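Novice: Just lifted these from TrEMBL, have a look:
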COMPBIAS  252-263  compositional bias 'Basic and acidic residues'
DOMAIN    148-250  domain 'PH'
REGION    1-21  region 'Disordered'
REGION    252-287  region 'Disordered'
């Protein structure tokens, strides 16, 4: 038999196996339906064996799969950080290379200037005037004295987001600004272009865009907070634009620096002391402007030191340097030199802020918990960006909590999953709150943002909670236990002064209400089904153990007087329907009280009333219709048990747990009071 199975397995595992030919051959060789059935059973057994082996292999390697997936996730985050560090190192190397190239370029430009005389200012201005006559709306550009044309040419502008072409433009580079003009579709005489934008050379930076066919020969102009991308006709023109723009920007900076250096010796010339008080008043501010000493070595090297700190991710050192500068300039007058220094430092502050913002972005690795964000948050607060730090910190923690919930696998019992979910969520929320209180201790205005964030986090938790507990049709007892666990974990937040119990309850009201009504309908349907099969006979539990177990169940439900309804041997002087109804009713009451919320007071009361009414009405109907005196007496005994034993226990248990009177249950018990009637009578009031 085993040889036949092995031969069949090899035949089916063969790479050249032909199913149609195999079936055709099998049909020809078989003697009848019985042979085909036996062969089919062999193939089925082989398939089952293969499935079992596959399942064993999966279980065997399951732990390795999990560990491998975790390691891949960790390696992915580490590779992302490594990529970021390499990118920063590359940018540092490129900046050093550009600095070296610019030094060589300056020497070359000096040689060219010595070999070829410059154009006169008059010729340059005349050329610029003739060109600007072709630009509509550019008449006021020549109002600035000394402005002349350096370079101009046609460019194509592209959209920054999707790299789609926008328009053709003509750029005019002058010694102090850059003019962008768009082409006119309908030309009017000599006018070819229309004024679009004018940028000061100090207000933008030029960045080379790496060629990515078909997008090539492009460069980007960065103007905070916007940017524009232009494409030259070819690589040669693009290179000319980049070189001339860079050289023009440097020439302007060097001229302004040289001009300020020439003004320095002229300041102490007026050393005479005038007796005119008006002269003293006029000279006061001028003298104050020169009192700021910016020739200190650490101030001269401050911009470069800030660049080094940012590149080396020494955020604390960078902020310390900024604090030192602010302290030094706190009581100093705002001179042009101070303004120039401030502009350089502000650019570094912007770069530092961008790096710190990136450190807090959710795209970064979320490992390490809330403490991992402390460094970036504290430096942003020192930079005066407490609002931004608060927003980024909370977004980072929201992403971390959401990721943790998403990675939590749904396995085993629902209650076990809810324990894990509550432990992860509320522990993260508690750690986030403590870290927030530590980081923003001096910024009380940010606490309201944390409260709002906490409410949104609770909503995220309730969505995951409800999806697992209420949407999966779990039993009411399981739902009650899960809600109890969530409330207990939520109470942990009160130790830091954050009480979100009301928010949690308000978000769960809708689902709890639906669960109560659904379970109420199930009990009513089950009661009606049992009522339809009611024979009004005493219960016989057959064994003393079963009777003792029933007594314990009734005692646990709060019905301590159940012993008076038990008879000799193993008999119970109540019907099976009434006993089953009592157990189900008391179970619903206990689970409903665990889920009780003030908003659900009337919902729970009405549900209890409807359930009790089904049983009471059935007893009343049977009592009216029953003709047998013995059975009628037995029905009255069951009605007395419901009225005198069950209903008072339900009413008392509800009032003790809730602390409010159960008026609906009290009215129902009064209206359903049984009347001692003649057994032969066919009327009663229940």
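Glycine is no exception: its Cβ is also placed from the backbone N, Cα and C atoms.
What you see is a predicted model, and the numbers here were worked out from it, not measured in a lab.
Give me the local environment of each listed feature.
Specialist: Residue counts for the compositional bias 'Basic and acidic residues' (252-263) under DSSP, split into helix (H, G, I), strand (E, B) and coil, are 12 helix, 0 strand, 0 coil.
Remote same-chain residues near the region 'Disordered' (1-21) are listed as 42-43, 45-46 (criterion: CB distance under 8 Å, separation of at least six residues from the stretch ends).
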Novice: Roughly where does the domain 'PH' (148-250) sit in mean pLDDT, to the nearest integer?
Specialist: 85
Novice: What are the DSSP helix/strand/coil residue counts across the domain 'PH' (148-250)?
Specialist: 19 helix, 61 strand, 23 coil
